[in-house]
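These features come from TrEMBL:
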- 1-26: signal peptide (SIGNAL)
- 40-257: domain 'SGNH hydrolase-type esterase' (DOMAIN)
- S44: active site, nucleophile (ACT_SITE)
- C61-C86: disulfide bond (DISULFID)
- C127-C135: disulfide bond (DISULFID)
- H250: active site (ACT_SITE)
Amino acid sequence: MRHARYLIGAVAACTVVSGTAAPAFAADSDSASAAENYVALGDSYASGTGTREYFEDSGSCLRSPKAYPQLWADSHGVAGFEFAACSGAVTDDVNADQLGSLSADTTLVTISIGGNDIGFVNVITSCVAGTDEGCDNAVNDASEKARNELPAKLDTTYANIRSAAPNAEVVVVGYPKINEMGDCGIPFYSEYKRQRINEGADELASVISERASAAGFSFADPRSAFEGHGVCASDEWINGPSNPIQESFHPDVDGHANAYLPTLNSVTG
């Protein structure tokens, strides 16, 4: 693995900044049955940060032609596609900058959001570069925010989505567990730290799933699809510390094509 040389830079990269949603991209319609008008909302896990290939005019939002929303749109020959997801987004950014892509004509919405709201960036930073105690504190803080602060933010965001797209099927797409256990080439990144990060990811998934269900939305859970392919696996679909540093701890091209896309397809058909 080439993890070690990028460790410090990757930790610095975790201080991401959300940008205003750039103009959306339309997918070609390739059949008369292409009925879906699809809008993809969310953060870096939806925009495709980590795939190393981005639309030139997406700027700091880092929207990728290899991201699962674009792959889904391309493979389903949709009538229209608006790619509004943006790296670094929190729920407030979705509400302020992304919901304008929705309308009564929207028939499908996907959204991946919540990780930045609870400070999961700080979890990664603290656990990769810090002590076991610092990792514990970061995971505990993020889990507390997930339980006590995130539900209301998700409820508001989901209600706003339903109001802006009253006729759409809405699929909330979750986050994978980041890590695998066993030998790993990242200095100081012990199994204990990796397990604690995964426990935080499970807590986040539980909250997101519950709030999606309460809103009447479907939940697409990618954790089982990524199993065996996290950071420290022999066949990683999630980047470890990487160069460029912005790619770190995000799904790569294989993660979007082999895990996220099948997970979404299992819900939408």
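In case you wondered, yes, glycine gets a Cβ from its N, Cα and C as well.
Location within the structure of each feature annotated in TrEMBL.
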{"residue": "S44", "record": "active site, nucleophile", "DSSP class": "helix"}
{"residue": "C61", "record": "disulfide bond", "DSSP class": "helix"}
{"residue": "C86", "record": "disulfide bond", "DSSP class": "coil"}
{"residue": "C127", "record": "disulfide bond", "DSSP class": "helix"}
{"residue": "C135", "record": "disulfide bond", "DSSP class": "helix"}
{"residue": "H250", "record": "active site", "DSSP class": "coil"}
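The shortest Cα-Cα distance from C127 (disulfide bond) to any of the recorded positions (S44, C61, C86, H250) is found for H250. The local packing around the residue listed as 'active site, nucleophile', expressed as other Cβ atoms within 10 Å of its Cβ over all shown chains, amounts to 28.
The residue listed as 'active site, nucleophile' and C135 (disulfide bond) have their C-alpha atoms 22 Å apart, to the nearest angstrom. Long-range Cβ contacts of the residue listed as 'active site' within its own chain (separation 6+, distance under 8 Å): S44, Y45, T49, G50, I238, N239. Taking CA atoms as the reference points, C86 (disulfide bond) and C135 (disulfide bond) are 27 Å apart. For the pair C61 (disulfide bond) and C135 (disulfide bond), the Cα-Cα distance reads 28 Å. Within the model, the domain 'SGNH hydrolase-type esterase' (40-257) carries an average pLDDT of 97. Shown in sequence order, V123, S126, C127, Y192, K193, R196, I197 are the residues of the chain, 6+ apart in sequence, with a C-beta less than 8 angstroms from the C-beta of C135 (disulfide bond).
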